[in-house]
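Below: the structure, in structure tokens.
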Amino acid sequence: MASPSICLLAALLALVSWQAIASDPSPLQDFCVADMHSPVLVNGFACLDPKYVNADHFFKAAMLDTPRKTNKVGSNVTLINVMQIPGLNTLGISIARIDYAPLGENPPHTHPRATEILTVLEGTLYVGFVTSNPNNTLFSKVLNKGDVFVFPEGLIHFQFNPNPHQPAVAIAALSSQNPGAITIANAVFGSKPPISDIVLAKAFQVEKGTIDWLQAQFWENNHY
């Protein structure tokens, strides 16, 4: 039988290995600017030859302070990830500006590859996230200018501007160069091809006609 010290060492190695594969890979050099034209397929992007790298690979022009045009649900997400700044490749971070119209929201969604930390720049936001099964506990808070809130990786979360007269603005930092986003309503009712209405009617315990109506709607897909 293995000694307790060997079992402990094996457990620690398993924990370290799990942490290593649960986030973006760490850089092994000063930088690895994404080569968007490389034919090499890797998890992320191949590195551009350093002799072709310049400051513009780490730069994005200012996100203007003027309010952005919002979509049907009253929000506009401006994401800066590795696709906009190639120098973010292997660095495990991205950022987004989110503009909210009065009574606008960033609808329930999840980031499959990132934790998010949100800071309110202007206005007020009601925010929250829901834990996984079986409890599905809602953690929510009303945030004002300067307040910060964290959304754990992979959990469904949302932001809503409760003010009917004033817009709101927030900045979100995400722990991945490419966090991904799954907008829940869009994924369930707007998938291509659509999920069977029989499946959804049973899942939501409603009539098929209700599902057909929901699938016929246009569902916003906030990209970040």
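From the backbone N, Cα and C atoms, a Cβ is placed for every residue, glycine too.
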Looking at Swiss-Prot, which one out of His157, His165 binds Mn(2+) in the same site as His109, His111, Glu116?
His157
Candidate binding-site residues His109, His111, Glu116, His157, pick with smallest Cα gap to Asn135 (N-linked glycosylation site):
His157
Averaged across the domain 'Cupin type-1' (62-212), what pLDDT does the model get? Just tell me the whole number, please.
94
Between Glu116 (Mn(2+) binding site) and Cys32 (disulfide bond), what is the CA-CA distance rounded to a whole number of Å?
23
Can you tell me the CA-to-CA distance separating Cys32 (disulfide bond) and His111 (Mn(2+) binding site), as a whole number of Å?
24
Which residues in the same chain, at least 6 apart in sequence, have a Cβ under 8 Å from the Cβ of Asn76 (N-linked glycosylation site)?
Arg68, Lys69, Thr70, Ile98, Asp99
